[in-house]
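To start, the structure under review is shown below, and the notes come after it.
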Amino acid sequence: MVRTRIQRLLTGINRRMMKLLIALALIAYVASVWGNFVNMSKSIQENGEQKMEKKIEEVIAPLREKIQNLERSFTQKYPPVKFLSEKDRKRILITGGAGFVGSHLTDKLMMDGHEVTVVDNFFTGRKRNVEHWIGHENFELINHDVVEPLYIEVDQIYHLASPASPPNYMYNPIKTLKTNTIGTLNMLGLAKRVGARLLLASTSEVYGDPEVHPQSEEYWGHVNPIGPRACYDEGKRVAETMCYAYMKQEGVEVRVARIFNTFGPRMHMNDGRVVSNFILQALQGEQLTVYGSGEQTRAFQYVSDLVNGLVALMNSNVSSPVNLGNPQEHSIVQFARLIKQLVGSGGEISFLSEAQDDPQRRKPDIRKAKLLLGWEPVVPLEEGLNKTIHYFRKELEHQANNQYIPKPKPARVKKGRTRHN
């Protein structure tokens, strides 16, 4: 009986041990599963964190680059600027200051130590033409259309705002007229209010297809008032008239520069004028297109010469119109051959039908500028062309990554084509 009880006790103990062992095994299994789960969760978490870190890095990288660019811009070195005393330093407004000529004028006046405000609506101007001055304490850039009034305190106004290439002003003749009339009226009103001197950037186009050669300032011109280019030619003529009306009636100090063909870096490659057309065609190995016989003549000045002339005229006592141009005359076909030679490539010269209202000869008489301003062009034609060709090459490289560069074509108008500007 005692044995039976002992056996039952051992059996109970065995069952309890078995249950305990099973429980321990179950606990071990659960612990193992939990460990695997924890490890898996940890792995997933680590992978998730890595992915999250990668995504965060993708977002942060461009922001970091922008911050670095901003830091560089704060410490960037501007072109050397002269120091002028308060008495000598002028507050100067340049309308169209982000354009081809305007941006070079901006460089000149900034480096001379003046405070320069550039106003441009970027119809043809480009911010990158003046971006190297952004942030400088003497420089300000305003996005503004001169057909709207502008209120600003200045000492001098260089009024350059206007489309100047045939495709641009033929594309929007009304805007061209408004800029040259309403815009000029607004700038004259500003000059009257603040007592500033205004220089109008007029053009040799006021002479039209001249019957006098070379053209002096006394020549009244031969202009077609309803031709495809009349919006620009007549717009500048009426702008001159308004300047002298304000000078006579309101006592506004005005200067008028009649600018002849000008070229240089920052020209638009596709602006439709002869220099940009020929250089672009030669660099791309295409035929150089000449309209008419090619015997038409032009006189080309480099942009730095023009800028020096504008500054000299503004600071002079000469209130009557002054021609600013290079009196060295070249035929269009000679010019095409020269560019082809300097580029070292390009196709043959092709001749197309002559454009409407294309002046046969154009050459400035600059005796007045020589006598009264002590100014004349000094940059040789080939030197200026080589600088311009180098700039165009860089532009083509800059835009080469699958960007389309339109081939130079004349603007489409109802009658005729663009002329050899």
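Cβ coordinates are placed from backbone N, Cα and C, and glycine is handled just like the others.
Note that the structure is a prediction, hence the values are computed from the model and not measured.
Swiss-Prot annotations:
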- 1-19: topological domain 'Cytoplasmic' (TOPO_DOM)
- 20-40: transmembrane segment (TRANSMEM)
- 41-421: topological domain 'Lumenal' (TOPO_DOM)
- 99-101, 120-121, 123-125, 145-146, Leu160, Ser162, Thr179, Ala201, Tyr232, Lys236, Thr262, His268, Arg273: NAD(+) binding site (BINDING)
- Leu150, Tyr151, Lys178, Asn186, Gly189, Lys192, Arg193, Tyr246, Gln249, Glu250: UDP-alpha-D-glucuronate binding site (BINDING)
- Tyr232: active site, proton acceptor (ACT_SITE)
- Asn317: N-linked glycosylation site (CARBOHYD)
- Asn386: N-linked glycosylation site (CARBOHYD)
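Structure with Swiss-Prot features highlighted.
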| residue | record | CB count, 10 Å |
| --- | --- | --- |
| Gly99 | NAD(+) binding site | 29 |
| Val146 | NAD(+) binding site | 25 |
| Leu150 | UDP-alpha-D-glucuronate binding site | 19 |
| Gly189 | UDP-alpha-D-glucuronate binding site | 15 |
| Arg193 | UDP-alpha-D-glucuronate binding site | 13 |
| Tyr232 | active site, proton acceptor | 25 |
| Lys236 | NAD(+) binding site | 27 |
| Gln249 | UDP-alpha-D-glucuronate binding site | 9 |
| Arg273 | NAD(+) binding site | 23 |
| Asn386 | N-linked glycosylation site | 13 |
Minimum Cα separation from Thr179 (NAD(+) binding site), reported as the residue among recorded positions Gly189, Tyr232, Asn317, Asn386 that achieves it: Tyr232
Rounded Cα-Cα span from Gly99 (NAD(+) binding site) to Asn386 (N-linked glycosylation site), Å: 21
Cα separation, Gly99 (NAD(+) binding site) to Leu150 (UDP-alpha-D-glucuronate binding site) (Å, whole number): 19
Cα-to-Cα gap, Lys236 (NAD(+) binding site) vs Lys178 (UDP-alpha-D-glucuronate binding site), nearest whole Å: 11
Minimum Cα separation from Lys178 (UDP-alpha-D-glucuronate binding site), reported as the residue among recorded positions Gly99, Asp120, Thr124, Tyr232, Arg273 that achieves it: Tyr232
Longest CA-CA distance among Leu150, Tyr151, Lys178, Asn186, Gly189, Lys192, Arg193, Tyr246, Gln249, Glu250, per record bound to UDP-alpha-D-glucuronate, angstrom: 22
Shortest C-alpha distance to Gln249 (UDP-alpha-D-glucuronate binding site) - which of the recorded positions Gly99, Thr124, Tyr232, Arg273, Asn317: Asn317
Among Gly189, Arg193, Tyr232, Asn317, which are recorded as recorded positions, the nearest neighbour of Arg273 (NAD(+) binding site) by Cα: Tyr232
Minimum Cα separation from Thr124 (NAD(+) binding site), reported as the residue among recorded positions Gly189, Tyr232, Asn317 that achieves it: Tyr232
Candidate nearest Arg193 (UDP-alpha-D-glucuronate binding site) in space, where candidates are the recorded positions Gly99, Asp120, Val146, Tyr232 and distance is Cα-Cα: Val146
